[in-house]
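What TrEMBL says about this protein:
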SIGNAL    1-20  signal peptide
DOMAIN    30-133  domain 'Phytocyanin'
DOMAIN    169-270  domain 'Phytocyanin'
Amino acid sequence: MAFSISKAFVFLFLLAMTGAAMNATSILAVIYDVGDYSGWTFHVDDDGYKSWTTSKIFHVGDILRFKYDPQYHNVMQVIYPDYISCNTTRPLATYTTGNDFITIKKGGHSYFICGVPGHCGGGGMKLHIHVSPMEPAPAAPTIAPTPSLGATTPAPTPYDHHHKNGDAVVHNVGGFSGWTTIGHVDYKKWAASKTFHVGDILNFKYHTEYHNVMQVTYPDYVSCNATRPLATYTTGDDYITIKKGAHYYFICGVPGHCQNGLKLNIHPSPRAR
């Protein structure tokens with residue numbers, strides 16, 4: 001009997017250790033945002049996302065998140081020859097949501113391209129990763145830290161805050177998303193959740209290679225006309241002070257971006273004294 005009980009304890013101990021090991025590996029799974037703040041778009045690297053991948057270590061069970069505007073891009077997983085030639089006629093898989101989560105299921109090489117004509121070859125939208133065979137369970141993935149990309153790509157924050165000069169509030173346009181076409185941010189909804197006053201500040205954060213900010217008149221806001229802006233901002237971290245209690249209209253002047261929703265209308269009120 002004693003021998004049987006001892007064997008039972010040994011079995012339970014080994015079972016507990018196995019469970020602990022599985023839990024330990026489960027926290028190793030990582031979600032990688034492809035391209036970091038830039039997402040899945042044109043010319044992130046000169047060599048097709050190669051610079052982005054060199055700073056990463058991918059394992060089986062990790063997750064690639066492709067964020068992009070589905071009106072202009074998609075994601076195709078392909079074989080090596082089609083990755084090299086940008087052949088989109090026989091993908092292994094195609095993703096079109098604009099916020100695709102792709103779990104790495106095996107070790108070795110994986111290849112992805114954008115299937116829109118010209119985007120893989122001319123736009124550099126191709127990704128090659130080499131996956132380690134170690135298999136962390138993806139039950140509890142963590143988010144890979146996104147590196148700071150410098151002054152031209154500041155990290156957006158959702159939190160408005162008071163300016164150092166008193167009552168003025170700094171409104172971070174778009175919250176976490178910033179000023180972008182990725183993810184179809186509803187800037188009308190964002191503005192409706194805020195109260196703007198004269199003296200407040202709008203902070204537009206964006207990637208300067210892909211966007212800008214133009215203050216325009218109402219007709220040009222409606223028609224997305226970027227040919228006669230009242231003011232143009234291009235720093236990627238623009239602070240624009242609200243100077244009067246009237247409607248302000250902003251658009252992105254890059255062709256197609258305003259039509260795709262990159263436009264903002266605010267109506268500030270005089271600050272109560």
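First residue shown is number 1, and so on along the chain.
Just so it is clear, glycine is given a Cβ too, placed from its N, Cα and C backbone atoms.
Within the model, the domain 'Phytocyanin' (30-133) shows a mean pLDDT value of 90, rounded to a whole number. With helix defined as DSSP H, G or I and strand as E or B, the domain 'Phytocyanin' (169-270) counts 15 helix, 31 strand, 56 coil. DSSP places the residues of the domain 'Phytocyanin' (30-133) in helix, strand and coil in these numbers: 14 helix, 36 strand, 54 coil.
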